[in-house]
Every structure is written in structure tokens, then in C-alpha cells.
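So that you can see what the record holds, here are the features copied from Swiss-Prot:
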type	residues	note
DOMAIN	28-69	domain 'CHCH 1'
DISULFID	Cys31-Cys61	disulfide bond
MOTIF	31-41	motif 'Cx9C motif 1'
DISULFID	Cys41-Cys51	disulfide bond
DOMAIN	70-108	domain 'CHCH 2'
DISULFID	Cys73-Cys105	disulfide bond
MOTIF	73-83	motif 'Cx9C motif 3'
DISULFID	Cys83-Cys94	disulfide bond
MOTIF	94-105	motif 'Cx10C motif'
Amino acid sequence: MEANAAVDGTGNPIPTSAVLTASAKHIGIRCMPENMAFLKCKKNDPNPEKCLEKGRDVTRCVLGLLKDLHQRCPKEMDAYVGCMYYYTNEFELCRKEQEAFEKVCPLK
């Protein structure tokens with residue numbers, strides 16, 4: 001398995017920093033309800049145990065999204081993730097790959 005791979009051999013997402021950074025805009029849009037529910041829970045209850053299920057909801061959403069993105073645009077996602085990995089998550093150096101990724105897998 002390559003260090004810059006977005007998924008493992010079985011097609012499950014590998015949430016490395018490069019994968020998460022490359023997918024951050026999509027995560028922010030698609031998983032907003034889960035993230036907001038988790039943040040609201042954390043704000044309202046200082047007991048971490050009370051928010052574990054909300055945290056699992058966020059994780060489930062992100063992993064599902066990563067799998068979906070990789071199924072819909074594997075070549076573009078792998079190129080963008082590979083660039084982000086190579087350049088240590090420097091967006092400015094990966095704009096060409098980002099544009100290709102967002103063209104095939106648009107933000108919605």
C-alpha cells in the first residue's frame with residue numbers, strides 16, 4: 001500500500017492528514033449536521049462520555065464520504081491526495097489537482 005493512498009486494498013478509506021485535508025471542503029459541507037450536533041453536545045455537556053455517539057456519527061459520515069468520493073472520482077482524488085502528501089498539505093502547490101478533483105466531484 002502506498003503512503004499517499006486514499007483507500008486500502010479493500011476500498012476502505014484511510015483518513016490520513018493528506019486525505020482529510022484534500023477532502024476538507026466536502027467534509028465541511030456533507031457532514032455539517034453531524035459536526036454541529038457533536039459541537040453542540042460538547043458545549044452543553046462537559047462529560048465526554050455523553051457525546052461519544054455524536055462523535056461516532058461524525059466519524060461514520062466522514063468515512064462514508066471518503067469512500068463515496070473515491071468511488072466517484074478515484075483518479076482525481078488519488079492525484080490530489082498524492083500531491084498533498086508530497087507537498088505536506090500545502091494547498092498552493094496542488095491547485096491544479098484540486099481543480100481537477102473538484103470538477104469531477106463538485107462541492108454540494
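Cβ atoms are placed via backbone N, Cα and C, with glycine included.
All features noted in Swiss-Prot, drawn onto the structure.
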| residue | record | Cβ neighbours (10 Å) |
| --- | --- | --- |
| Cys31 | disulfide bond | 20 |
| Cys41 | disulfide bond | 18 |
| Cys51 | disulfide bond | 21 |
| Cys61 | disulfide bond | 18 |
| Cys73 | disulfide bond | 19 |
| Cys83 | disulfide bond | 22 |
| Cys94 | disulfide bond | 23 |
| Cys105 | disulfide bond | 20 |
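In the predicted model, residues of the domain 'CHCH 2' (70-108) average a pLDDT of 95. Taking the C-alpha atom of Cys83 (disulfide bond) as reference, the shortest distance to any of the disulfide-bonded residues Cys31, Cys51, Cys105 belongs to Cys105.
Checking each of the disulfide-bonded residues Cys31, Cys73, Cys94, Cys105 against Cys41 (disulfide bond) by C-alpha distance, the shortest gap belongs to Cys31. The two recorded residues Cys31 (disulfide bond) and Cys94 (disulfide bond) have their Cα atoms spaced 24 Å from each other. Distance from the CA of Cys51 (disulfide bond) to the CA of Cys61 (disulfide bond) is 15 Å.
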